[in-house]
Amino acid sequence: MPVESGNSAAARQVKQKRKSHSLSIRRTNSTEQDRPGMQRDMLEGQDSKLPMALRSNLLDLFGQIEREFENLYIENLELRREIESLNERLAGEGQTVDGGDLSKGALKTKASHSTSQLSQKLKTTYKASTSKIVSSFKATTSRAVCQLVKEYVGHRDGIWDLAVTRVQPLVLGTASADHCSMLWSIETGKCLLKYAGHAGSVNSIKFHPTEQMALTASGDQTAHIWRYMVQLPLPQPPADISASLDDDVDFSDKDEADGEADGPSECPTIRVATTTLKSHQGVVIAADWLVGGKQVVTASWDRAANLYDVETSELVHTLTGHDQELTHCCTHPTQRLVVTSSRDTTFRLWDFRDPSIHSVNVFQGHTDTVTSAVFTVGDNVVSGSDDRTVKVWDLKNMRSPIATIRTDSAVNRISVSANQRIIALPHDNRQVRLFDMNGVRLARLPRSNRQVRCIQSGGFITFRFCFMSVRLKGWWLLVTV
């Protein structure tokens, strides 16, 4: 009569335990469909001051959490069964092969590999489930309402940047690929002045903090500083332009006629710069004034940023270190700090507060081109990237972002509202979304094929958008939040 070995008995116990687990799982799944109704009945019977709709929403969210963890538990059981089968197989091989330590080592390697896979799967599933839950909570936040205010027509090519003067009179400035920069009346939409001193695309425009001077960066490898004097016209009643927005009209055939009819050709034109900054060996993609307006910084495709003295137009410093082309530069509104972004997936913080020591910090928080990094009024930096994320950083501790916004499209040149702490994100898919500094979405501007949008907040324009990947036909819109 054959005698049953200890290994066979152990294997039979494992199979019976596995069968009992599967039966319990089936019973759990069979009652899962009845659970929401039972929980809702229990919820209605409890006393609470929360509205029923909110309580039901919370119940659904916690139900999603419970289902996610149930799925993880089931996957964990399956992985444990696989580990047990491997243990049985290796134990069987250990009886016939000499060297039990070798078998134990192989068993330990297999088990550690399976454990690492389980840990990675748990982390991935947990992140995905929590992201869905957080998004559900964010969806309940109140949204801002956006409406069209004014159209400005006159440029004959794409508009890359726009800004508002910091001193009176308040006018709007635009930088365009048609080699020109224009100043506009915000109220009437009339062109007040045209600068045509560049020989290439005008990629950015910034205004002096205290004087009537503008700084423009161009594809002709130069940056120009030029003075302006404008007189605001009397405001006119707003025209009804809702009909023109409802119709999907191709404005490319009307550019020349609109430019002649709306008067940009009649506005005064400046063709000579007050100061020309020449040191770059590539396209100057952006430029900005340092606090006080005595120095400016420029960013170029030659992988360097230059710091110039405005009065002498001499090169003070060359900021090198980026491995690829620069995409943007920005200065702090109250401190001598500069942040530059690049296609090398990094952005750098340059500190000029101490005249004797110029420090630099490199931040590698993105996995693709950093399209822009800008300062806020406080001690925060906001960076956007082609990796479809926007991150908010604290200058006091920039080892990790304090907030991360994940989007469905690459992010172009972002902008931050100074007084309302709102982040505006222009995307490659022609959408513009508004978020707060905590990463909660506030609004989405209506998408259109041929308009560039800027934001007016609190009565003054405080955003600047740049659609670098969309070829525009000289149109952009002004909307209000």
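Every residue gets a Cβ built from N, Cα and C, even glycine.
Annotation comment: TrEMBL describes 1-10 (among others) as compositional bias 'Polar residues'.
If you look up TrEMBL, you'll see 22-31 (among others) marked as compositional bias 'Polar residues'.
Feature annotation from TrEMBL assigns compositional bias 'Basic and acidic residues' to 32-42.
Here TrEMBL flags 245-263 as compositional bias 'Acidic residues'.
Sequence-remote contacts of a segment are chain residues at least 6 beyond its ends whose Cβ falls under 8 Å from one of its Cβ atoms, and for the repeat 'WD' (195-226) they are 157, 160-167, 173-183, 269-278, 280-289, 291-293, 296, 298-300, 308, 310, 466. What TrEMBL records for 195-226 (among others) is repeat 'WD'.
Applying DSSP to the repeat 'WD' (277-318) sorts its residues as follows: 0 helix, 22 strand, 20 coil. TrEMBL lists 277-318 (among others) with the feature repeat 'WD'.
Remote same-chain partners of the repeat 'WD' (319-360), defined as residues 6 or more beyond its termini with a Cβ less than 8 Å from a stretch Cβ, comprise 282, 285-291, 297-307, 366-375, 377, 381, 383, 385, 387, 395, 398, 413, 418. The repeat 'WD' feature in TrEMBL is assigned to 319-360 (among others).
TrEMBL lists 363-403 (among others) with the feature repeat 'WD'. Counting only same-chain residues 6+ beyond the ends of the repeat 'WD' (363-403), those with a CB under 8 A from a CB of the stretch are 327-328, 330-333, 337, 339-343, 345-349, 409-416, 418-419, 421, 423, 425, 435, 437-439, 466, 468.
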Residues from the same chain, set at least six apart from the ends of the repeat 'WD' (277-318), whose C-beta lies under 8 A from its own:
161, 200, 203-204, 206-211, 213, 215-219, 221-225, 324-336, 338, 340, 342, 350, 352, 358
Per-state residue totals over the repeat 'WD' (363-403) - DSSP helix, strand, coil:
0 helix, 21 strand, 20 coil
Which residue counts does DSSP give the repeat 'WD' (319-360) for helix, strand and coil?
0 helix, 25 strand, 17 coil
Kindly report the helix/strand/coil residue split of the repeat 'WD' (195-226) according to DSSP, in that order.
0 helix, 17 strand, 15 coil
